[in-house]
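This report concerns only the one structure given below.
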Amino acid sequence: MSLCVVLLHTGVMGFLGSAVRRVFSAVRSPLSPLCRTSTRSYSSELTKEKSVPYEKTLKQEDGASSGPTKPLPRSADAVVIGGGSLGCQTIYHLAKMGMTNVVLLERDRLTAGTTWHTAGLLWQLRPSDVEVELLAHTRNVISKDLEEETGLHTGWIQNGGLFIASNKQRLDEYKRLMSLGKVYGIESHVLSPAETKDLYPLMNVDDLYGTLYVPKDGTMDPAGTCTTLTRAATARGATVIENCPVTGIQVRADDIGVKRVKAVETQHGTIETPCVVNCAGVWATKLGEMAGVKVPLIAMHHAYVVTERIEGIQNMPNVRDHDASVYLRLQGDALSVGGYERNPIFWDEVSDKFAFSLFDLDWDVFMQHIEGAVNRVPALEQTGIKSTVCGPESFTADHKPLMGEAPEVRGFFLGCGFNSAGMMLGGGCGRELAHWIIHGRPEKDMYGYDIRRFHNSLTDNKRWIRERSHESYAKNYSVVFPFDEPLASRNMRKDPFHQVLTEQGCMFQERHGWERPGWFNKEGPVAVKDYDYYGAYDVKRNEKYKYDELLGQEYTFDFPPHHDVIKNECLSCRHSVAVFDMSYFGKFYLTGPDAKKAADWLFTADVNKKPGTTVYTCMLNKRGGSEADLTVSRLEPGAANLPLAPESNGDAYYLAIGGGVAEHNWNHIRTVLQDQGFRCQLTDHSEDMGMISIQGPKSREVLQEVLDTDLSNEAFSFSSHKVVNAAGHQVRAMRLSFVGELGWELHIPKDSCLPVYRAVMAAGAKHGIINSGYRAIDSLSIEKGYRHWHADLRPDDTPLEAGLAFTCKLKSSIPFQGRDMLEKQKKEGLKRRIVCFTTDEKVPMFGLEAIYRNGVPVGHLRRADYGFYIDKTIGYGYIRNPDGGVTIYETIHHKSHSHKWHCMRFVNCDGT
């Protein structure tokens, strides 16, 4: 490798000369990065060939100070640990919101961990309305707010951003981003190849399909931003202390045994505090271990190179060429070039001494980005490399950050795992985290970042963290298709029906670690195989992988090839009968002396009906936002008959909750019980029972042959439940529907699942019974206007806005969490509300499309699907009065490729 080093030092190496190609391919055979971990050397010296492209960093050239830069206070309302982007943004927003007795502790100097070497790119458009809002706040903070507050320039450069599309699917994705951006006033333009060439003369456009240009994207400076943030925070009373490593977190158990943060320990003293914020980046896992908190992230090498001067590159926009998995960041009169490779190097043995340090760049790994970069900007082939930057970054299982209060310890908050986007998302996430700490919940819907989105069985599973983080990293620049599924770490949680459904062609989806049915392939089994790392690290690719092949057919913004298969599943349910495996549902029991008080406070609906009644209800946060929707069944008191019934001498409730959000719901309930001091037990029997839902007009005839009870309307009314015998096995039968048809759910002890399922299928054979999956449920439920939590019902939506006022006991005098906010909203009138749309033309929609009224954007679709029974595309979105006033129904149109939409409303029913 010595020849390459010499070339790098001289700065005259052609970026992709043929000689260098031969050198890199011949020097050594690829080394498996599954073994490339901490054995790689790193340097803390800022050498010419390894240095960040910033004029200023915060490293002390004379070495670190021997002690803290300020005395430690005895106590603080909150201690933020980590002086990178997130730590600085969080303490700034805490102070700005009025919590000024706060301390930031940094083990070295600000930005010393991973922030100092970040590329600092800010792209305003993402395939998420919440992320668009978070990015907008970051941009406002660094380009406007901080300069107004401090008089200091953060180093923000607004040079614009350019997304490259090499095919129609990619450009379709960009058009979806543009549509969403218009709702938020983000200027963007789809450019032809010729227009792109006019904007960026050095770019090769011969292979372009088009581009998306966002003029107000730009570039951030890490040292300038963090310095200005902490200056503004200390001006408001916050304390920032550098050169002060944390050595321990004290945790105590309160009077009811709940673990809470007590203090932060350092070599230079202890700070008593009820709140710790873990913003320690790649070191966050070690910090979590000090408090007994699991932090599921992994560190990887992430690199870019800085070129020599390029004539004519000045003032060009930053570029993301997603299909080449490469970005080009403007660096004055040069470019920084980086990307996401399929074989990143893991850093398993994270060093506490690593500060303002970089790894040696592994050219075997990095060279895969070069061809794409040179193809896009041919001038790079004759441009030398001035320096290389290869540092650690933290990555997570779904490429989303880890935020919120840890389930294990109250008062321990996470603000880490930002997947190389900590600068970009820092402002928005810092504000939400500050609001979370002060008020108990964020303002926005942060479920996608909340640590509670992951099941507790996964967050310390090393295989799951490693495989899923790798796949998320490797696919970071892939098109975000609506129905994609992970290939990594599958089959982590399987229900009792898994094998028999696999044999019948089940195409599984992964949710919360569970394998749940998506749809059924008529051409035979499609088993999910072990993860093959996409062939990286010398792992052999899976061959003849039918699941992967069918998943690839989903990679379209048109109707997929199996559209008619899902149609058949839906119409079989509408016209006859279908079976849905819903075993992944969360199944909890709420019991204890204060169970009734807890149920009254937790649930918006009055669930204290007679035993045998099931009620659909919401749970709210203090701001009236919907934290969950679920069914609550009141049980008869009596001896334990687990898993079908808990022991209870008084009030007892059975909670059935969508499995993908079960952990979130569990922790929400537990937190409310703790905060209110209710003497209750919440027990989880999700793994102990399976659940099948038999739905359709023929469901009564089928089940009457299987169950030993009268299923007539008079004997078994809607929203009721009973423990009955099914083919000789006890089950809890509930007359409910998530698809709007006559039907029952059977909640079945694990060992009885297969005999009951076989009995149901045998009884239904003469009626043409079929298996159906969640793709059918999505379609059937949207036809009937049923809400899906975290789609058209989120923590930032109230039940009144979501059309769920019927779930709220506002006509009673019973208090419940969030009631005061609903009463206030009802009195003042709704500023936004949900509306349903259909389209005349048969076009697919997936959500995020803009809604216009008289040419003005008034909202966007949250959820969309095809309704096969009505033979139309259906969408739900929240609309608002652009003037900010009360929203009323008028003529609304959805604008997308000139398709005409109609506004409509549905009546919920169970098909009886």
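Backbone N, Cα and C atoms are what each Cβ position is placed from, and that goes for glycine too.
The signal peptide feature in TrEMBL is assigned to 1-19.
The feature compositional bias 'Basic and acidic residues' is assigned by TrEMBL to 53-62. Mapped onto DSSP classes, the compositional bias 'Basic and acidic residues' (53-62) shows 0 helix, 0 strand, 10 coil.
According to TrEMBL, the feature region 'Disordered' maps to 53-74.
Taken as a whole, the domain 'FAD dependent oxidoreductase' (77-436) shows an average pLDDT of 97 in this prediction. If you look up TrEMBL, you'll see 77-436 marked as domain 'FAD dependent oxidoreductase'.
Taken from TrEMBL, the feature domain 'FAD dependent oxidoreductase central' applies to 439-493. In the domain 'FAD dependent oxidoreductase central' (439-493), the DSSP tally of helix, strand and coil residues is 17 helix, 2 strand, 36 coil.
Summarising the annotation, TrEMBL assigns domain 'GCVT N-terminal' to 497-811.
The domain 'Aminomethyltransferase C-terminal' feature in TrEMBL is assigned to 832-881.
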Three-state composition of the domain 'Aminomethyltransferase C-terminal' (832-881), taking helix and strand from DSSP: 0 helix, 33 strand, 17 coil
